[in-house]
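Chemist: Before I ask anything, here is the structure I am working with.
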């Protein structure tokens, strides 16, 4: 089976392609330079050329604040492009689609984890476009799988974890938001779960693909400092109001994982366990070894 990965140059896309290659899977890895998923003719041509057994859509507009002033651009990539992919795959019933979505489709005012079937009510332009993308995919291709995830970090790309590593190296104290709660999620675990879903063609609909447990940004920053053998007391709690941004951030965006029970697949493990395993690779990517004889 051939896998076609859109957004293959992004943080999640790179990790997914790497793990598929390690498993000796047949992969067509297409970044934006190779496939503009917003162009109908380009999508049709890519599907015809590569003839994938499954498509994983990692392409997304993720500039949450910029979307507030350019919702049309966000909608093009987050809603229209997924629709094009789903419609392109619809005539080929044996071909599957895994589409990545976000916790931002919920309002973020709950006190218990959001179930997969909880009504969506996004409060940001970014969240609205991702909600519209989910609906477009499942309308055009009911056999598709939508995986909602959140708070991603990985060995490459920008993330909160990498930012905390850099801030710790500068020394001194740092103020971190302690009144927003979510689920830090490692791209390695998410990539493994995407592969598992792709190999189980009976898994359809919406699933929540975040690492288990929950944390505030403050909790996550302290854990990063501990893994660096630094004093977590240097991380000071503050409120989200101290960092004013154009787009509202969810105060509570913990996702429930109940639907995994009916799939035969396990949900992702606890976020602390995942972070501990991922950390050496993140540090290695942050400070790659110098080749002998290199200038």
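One is the number of the first residue shown, and numbering goes on along the chain from there.
Here the Cβ of each residue, glycine as well, is placed from N, Cα and C on the backbone.
Under the heading NADH binding site, Swiss-Prot lists 10, 11, 12, 36, 37, 60, 61, 62, 126, 130, citing similarity to another entry as support. Sequence annotations record features per position, and here Swiss-Prot assigns NADPH binding site to 11, 12, 36, 37, 60, 61, 62, 126, 130. Taken from Swiss-Prot, the feature active site, proton donor/acceptor covers 126.
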Chemist: Going by DSSP, is residue 62 (NADPH binding site) part of a helix, a strand, or coil?
Modeler: coil
Chemist: Distance check, please: Cα of residue 36 (NADPH binding site) against Cα of residue 10 (NADH binding site), rounded to an integer number of angstrom.
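Modeler: So the alpha carbons of residue 36 (NADPH binding site) and residue 10 (NADH binding site) sit roughly 14 Å from each other.
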Chemist: Taking only C-alpha atoms and a 10 A limit, tell me which of 10, 12, 37, 61 are near residue 130 (NADPH binding site). These are the binding-site residues.
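Modeler: So the list reads 61.
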Chemist: What three-state secondary structure does DSSP assign to residue 12 (NADH binding site)?
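Modeler: Where residue 12 (NADH binding site) sits, the three-state DSSP reduction gives helix.
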Chemist: How many other Cβ atoms are found within 10 Å of the Cβ atom of residue 130 (NADPH binding site), counting all protein chains shown?
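Modeler: For residue 130 (NADPH binding site), the count of other Cβ atoms within 10 Å is 31.
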Chemist: Tell me the Cβ neighbour count for residue 37 (NADH binding site), meaning other Cβ atoms within 10 Å of its Cβ, over all protein chains shown.
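Modeler: Taking every protein chain into account, the count is 22.
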Chemist: Relative to the Cα of residue 37 (NADH binding site), which of the binding-site residues 11, 60, 62 has the closest Cα?
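Modeler: Comparing Cα positions, the candidate nearest residue 37 (NADH binding site) turns out to be 60.
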Chemist: Could you work out which of the binding-site residues (11, 12, 60) has its C-beta surrounded by the smallest number of other C-beta atoms within 10 A?
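Modeler: Least crowded of the binding-site residues 11, 12, 60, by Cβ count within 10 Å, is 11.
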Chemist: Out of 11, 60, 62, which of these binding-site residues is nearest residue 126 (NADH binding site) by C-alpha distance?
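Modeler: Going through 11, 60, 62 one by one, the closest to residue 126 (NADH binding site) is 62.
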